[in-house]
Amino acid sequence: MTAQLNPRGDVAVLVPAAGSGTRLGPGAPKALRLLGGEPLLVHALRRVCQAPSVAAVVVAAPPDEVAFVRAMLAPVAPVTVVAGGAHRQASVAAALAAVPAEIPIVLVHDAARALAPPHLVESVAAAVRAGAEAVIPVLPVVDTIKEVGPDEAVRGTVDRTPLRAVQTPQGFRRQVLAAAHAAAVDPLTDDAGLVEKQGVRVTCVPGSDHALKITRPFDLLLAEHLLATE
Ligand code: CTP
Ligand code: MG
């Protein structure tokens, strides 16, 4: 069944999905790889569309696959599909340009975090609505972290107490994200990093184990298990 978005919602979600998935190994672009028989992008979108604040979704697809992705998503949800760029930041910028003018809150959510639950979308959006300019979902770091030299010799042990692993969706006041992208010089792997460079305060909210980024083959196996037990 086609998902319905909320026409009175105040949130647009950008879904960068134009990566190749090099670390996952040879095959189709990562967003089109199957998890439980359906593409990662379809899983991610279904969950985004279940969040009641979402009024619009813009997907950045691999440039050669735009028509295919548009046709694939038409029965899933009413989304806009644009061509992504050479790196993630360019894909986000392309999607941001397609957000309807009246929407004040923009979330950026990797297609690779296919099982991020709808309540995470809502909690990030709620924190922006409550006044934060930029919001990221985070988890504490559980492993001991060492700094290692090029010779693989340990240089020291990092205090992990203040460290956090960062997930998506990341949420922003629309103008804050637009200004950060307009001022961007070097490509970064997350949008909050761009906003930090502008001196904007970035606020953390609790992340979710289910929002893991499917990066390597092991992550796909883990996600298959999570999906079966959802
Ligand atoms: N992404 C994108 N455009 C790019 C590169 C990445 O939209 N040019 C998206 C990916 O599709 C993914 C998200 O950004 O949803 C996070 O990137 P990552 O997990 O690194 O995915 P890939 O770049 O596809 O994987 P890899 O780095 O292993 O090639
Ligand atoms: Mg990548």
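Even glycines carry a Cβ here, placed using N, Cα and C.
Noted in TrEMBL for the protein shown:
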SITE      ARG23  site 'Transition state stabilizer'
SITE      LYS30  site 'Transition state stabilizer'
SITE      ARG160  site 'Positions MEP for the nucleophilic attack'
SITE      LYS213  site 'Positions MEP for the nucleophilic attack'
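TrEMBL feature annotations superimposed on the structure.
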residue	record	contacts (Cβ under 8 Å, 6+ apart)
ARG23	site 'Transition state stabilizer'	THR215, ARG216
LYS30	site 'Transition state stabilizer'	ALA17, GLY19, SER20, GLY21, LEU24, LEU40, ALA111, ALA112, ILE214
ARG160	site 'Positions MEP for the nucleophilic attack'	PRO140, VAL141, ASP143, THR144, ILE145
LYS213	site 'Positions MEP for the nucleophilic attack'	ASP110, ALA112, ARG113, GLN167, ASP219
Consider only the recorded sites ARG23, LYS30, ARG160: which of them have a Cβ under 6 Å from an atom of ligand 1? Write none if no residue does. ARG23, LYS30
